[in-house]
């Protein structure tokens with residue numbers, strides 16, 4: 001049965017992702033937020049030497065600023081999920097932008113390294129976390145068919161901002177010092193508030209439209225015909241008002257949905273992502289020191305990271321376009337597995353690179369594979385859990401990744417100090433990435449494909465499988481909640497409809513006694529809507 005047209009006084013259809021329109025503005029905001037979230041902790045490192053001189057601390061002490069920022073970005077995932085589910089994306093992002101800006105502004109007035117940890121580390125890191133996660137949720141809300149491309153374009157913000165913020169930070173440091181640089185950086189982070197302001201909820205304005213459509217729907221379907229319409233309307237309104245006091249309290253929305261752990265695909269993704277993060281960030285962190293130990297000059301060694309960033313800028317959107325192809329998108333998890341395998345083999349094969357040319361070749365292939373991983377990681381998660389549960393899923397995944405971030409790079413640094421050999425570290429990091437790729441590919445094929453071969457229960461033939469089915473059911477439930485007038489429960493509305501239909505049938509019987517059945521002028525309407533109250537109640541219940 002098709003869903004009626006709201007223009008004819010019927011219930012409107014669920015809100016669908018527009019895949020464009022205002023979604024491009026949302027994509028631009030997500031691009032900026034992603035750039036700040038991933039690039040800012042690295043760009044702050046240009047101030048470390050000045051901080052070491054002023055506060056009389058070592059490099060490891062100042063490096064904790066970036067570490068705390070990243071720990072807040074990953075570790076506060078569940079907190080962000082709860083806030084988004086409770087208050088929505090836009091308010092959370094506005095608060096996050098203010099916190100991120102306030103953290104850097106306050107950091108410019110600090111007098112010791114501990115105060116710097118609390119301001120630039122904790123406060124700014126928390127603010128960026130409150131922006132990063134909601135922006136991804138809004139992106140998944142506005143895009144469906146073009147979602148892989150949108151994720152790739154948004155992920156490109158990380159290398160673009162990294163290549164911009166680092167030189168800008170150096171210029172600010174030379175002209176204004178680290179305090180002036182922090183103050184200006186805090187002003188730049190206020191752009192996060194602008195990005196949060198454009199995150200307009202997709203269903204904004206739909207509540208009023210659905211309320212009007214519901215009134216028209218009830219008037220056409222329930223009210224008697226002819227001169228008795230006004231009496232029927234007043235009866236219906238009186239019945240609704242009488243039921244208001246008896247309505248049951250609305251069921252609260254889950255702040256954090258742990259039911260996603262019953263999804264086998266989510267479990268497989270989480271385990272593989274944990275193993276991946278253990279080794280993914282190790283090569284770029286140790287690359288510059290590795291190049292210097294092989295005899296490469298400092299300037300040329302630093303340029304290696306620029307090569308990775310430049311390749312990464314183009315790799316992420318390109319991979320998003322490939323993932324959006326019709327014959328690729330159903331198998332996007334395997335494409336993600338291939339990108340991880342490509343990245344891990346690049347680490348292993350480059351472990352013996354002993355000259356600058358070999359390191360440049362490594363940076364080219366690493367930039368391609370790293371960009372593919374960055375473009376696909378959240379797209380795969382959205383495809384597994386669906387947009388309705390993505391807010392809870394990403395929070396839990398980021399929390400689990402936080403432990404891997406705190407284990408992987410520090411452990412690699414200790415091994416370098418103990419073994420004085422970078423080759424072993426590259427082998428180890430590459431093996432971890434390859435292991436995560438093999439686990440994701442094999443587990444997805446063995447566990448998920450076998451489940452698909454089992455005959456599904458007979459349901460609505462138009463429903464899809466996997467997360468698309470869950471999204472469709474969630475959309476229907478959301479539409480039913482929005483369509484109830486004055487936010488009444490559906491059961492109360494049905495009772496009101498039954499009471500109004502009884503009154504309508506009573507009037508119809510009086511008219512039939514006078515005119516011998518349905519009125520002549522309205523017989524066509526009654527034939528469509530039905531003269532039988534039992535039929536009316538059955539359709540309303542459906």
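Cβ coordinates are placed from backbone N, Cα and C, and glycine is handled just like the others.
All annotation found in TrEMBL is predicted automatically rather than curated by experts.
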Correct range for transmembrane segment (source TrEMBL, candidates 332-353, 464-485, 486-507, 508-529): 332-353
Per TrEMBL, the range holding transmembrane segment, considering 21-40, 41-60: 21-40
182-204, 205-227, 228-250 - the one TrEMBL records as region 'Disordered': 228-250
